[in-house]
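These notes are about the structure you will find just below.
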Amino acid sequence: MKSSWWKILTIALLAYTLIAGLLLDVPRLPILNETIRALYFHVTMWFGMIIMLVVAVIYSIKYLKSNDLRHDDVAIEFTNSAILFGVLGIVTGMLWARYTWGDYWSGDPKQNASAIGLLMYFAYLILRNSLTDVHQRARIGAVYNIFAFAAFIPLIFVLPRLTDSLHPGNGGNPGFNAYDLDSNLRKVFYPAIIAWTLLGTWLSVVRVRLKRVERKIEDKLINQVS
Amino acid sequence: MLRQIRTLMLKEFTLEWRQKYALNGILLYVVSAVFITYLSVGAKQGNIGAPTWNALYWIIILFSAVNAVAKSFVQEHQGRQLYYYMIASPEAIIVSKIIYNSILTLVLALLGYLVFSVILGNPVQDQGLFVLNLVLGALGFSGCLTMVSGIASKASNNATLMAILSFPVIIPILLMAIRVSKNAIDGLDWSVSVDKIITLLAINAIISATAYILFPYLWRS
């Protein structure tokens, strides 16, 4: 019970995000209208994804330093959750774009960059699966994970800023800061980021534990036979 | 360290010179690729717009570079790799491979440029900027592709893996290079492209530095 306080916090914050996010007053803006609520469900996905990717990279570095498979479990499972969040982010973004920009895919630089980012991490999964030896898989996976992250950062943070983007806050479009993000939106936005990130962490932690149990059982079976 | 790099590069050049078929093969690859594009778009000289010319050129360079660099770790036997492992530091190996592959990619890019100019016409107005951009692009390509080919060579399924691993990683470099080369084609003032060139340099530096740091871990396995 002592260590589950953050799970209770997750549920509480998620409930708050859902209820307040859908019911609380939002600023009435032309074109955006009610879709401004995507801030709580779409933008937060990317925050969660980036945070989890950072965690995965840190654990990849830890693995390379220590050769401890436990670190690799954390790295791969956090990447998995980050990919899930990334896919959700793309899908929610496309839905939102359908109603505000008029098309599911408008070739916006950020949209393209996030799609490429996902390709990178899908490739990471395929690379891992193509290796059979556990230690080799962990080591080469970690190397590619760090390498991909180094390319991912300029891709999503630098390149879209160099061109005009349709996204709020880019290319002359006013960002949310220009309106009253401070009064109502912020009250839900920040808790929502924490809530979704915690949910992703929860997912990853459960899977990490599952993986470790599986490995233990496997080891036991192998030792029995020999 | 410097001596090791020099020796290793000398070895790469000798090896390439002895197996001329590989080098000739990749050169022919560029020429045939350009010719296929030329026939497919059905363009006559100067018939095709500058943006299309630019995009086609870079795509061909990208594919030739992937093919040229992919063999840099594969062509060597397991036993010989073990031998290098014993006599040279991994840092020296990756640096020598990156430099060698940059030169190779640059040769490919220049050859592609020549063939493109002859067959499809040459819309480039600012040759200096274009060539400078080619050099930077070749450096970035080879830094990224050398590392990825090192990774792919550890896994069995090579050709596909090489492509799917390298394409997303190489896109930032490719995009910046395409933009700068578009500016060069249009003959815009250098001041317009300066920040893009700096970004390209920065991305190259990040990728190469990561490759340099990570390669020893890869090499050891």
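Each Cβ is built from the backbone N, Cα and C atoms, and glycine gets one as well.
Nobody curates TrEMBL annotations by hand; they come from automatic prediction.
Per TrEMBL, the feature transmembrane segment maps to B:21-43, B:55-74, B:94-116, B:128-152, B:159-178, B:198-219.
Within the chain carrying the transmembrane segment (B:128-152), a Cβ under 8 angstroms from the stretch's Cβ atoms is held by residues 58, 61-62, 65-66, 69-74, 94, 97-98, 101-102, 104-106, 109-110, 113, 158, 161-162, 165-166, 169-170, 173-174, 177, 180-181, 183-185, 190, 193, 197, 200-201, 203-204, 207-208, 210-211, 214-215, 218-219, all 6 or more beyond its ends. Among the listed stretches B:55-74, B:159-178, B:198-219, the one sharing the most Cβ pairs under 8 Å with the transmembrane segment (B:94-116) is B:55-74. Sequence-distant contacts of the transmembrane segment (B:55-74) (same chain, six or more residues past either end, CB-CB distance under 8 Å): 22, 26, 29-30, 33-34, 37, 41, 48, 81, 97, 100-101, 104-105, 108-109, 112-113, 116, 120, 137-138, 141-142, 145-146, 149-150, 152-153, 158-159, 162-163, 166, 170, 174, 177-178, 181.
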